[in-house]
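Quick look at what Swiss-Prot lists:
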- 74, 77: Na(+) binding site (BINDING)
- 4-24: transmembrane segment (TRANSMEM)
- 35-55: transmembrane segment (TRANSMEM)
- 70-90: transmembrane segment (TRANSMEM)
- 95-115: transmembrane segment (TRANSMEM)
């Protein structure tokens, strides 16, 4: 039961961060490209790499994994919004933006997981 509370706490924090980041990015760049979703996915991927690597080199408590890995990062990142925004770009005929959104999300997020892991592993 404790882990459920940690997931809920982390999820509420992650959801608020996602909302604030998305609003900030729309104010900064407009809404022609989903920069907010891209940024939260990049941040979340980096942090997931850090959490994973920390778990490989030391003991990460189940509560921290629930709070950060499942709750915070689960609510911060969003595959469903990425998918919907990409489909909307395709439906509006913005094929290049849709392809760019797919490529950036996949490539940058995988790279950020790697970068997060390497940051931890290089400090050992």
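In case you wondered, yes, glycine gets a Cβ from its N, Cα and C as well.
Around residue 77 (Na(+) binding site), the C-beta neighbours below 8 angstroms that are at least 6 residues distant in the chain are 14, 18, 40, 41, 44, 45. Less than 8 angstroms from the CB of residue 74 (Na(+) binding site) sit 7, 10, 11, 14, each of them six or more residues away in the same chain.
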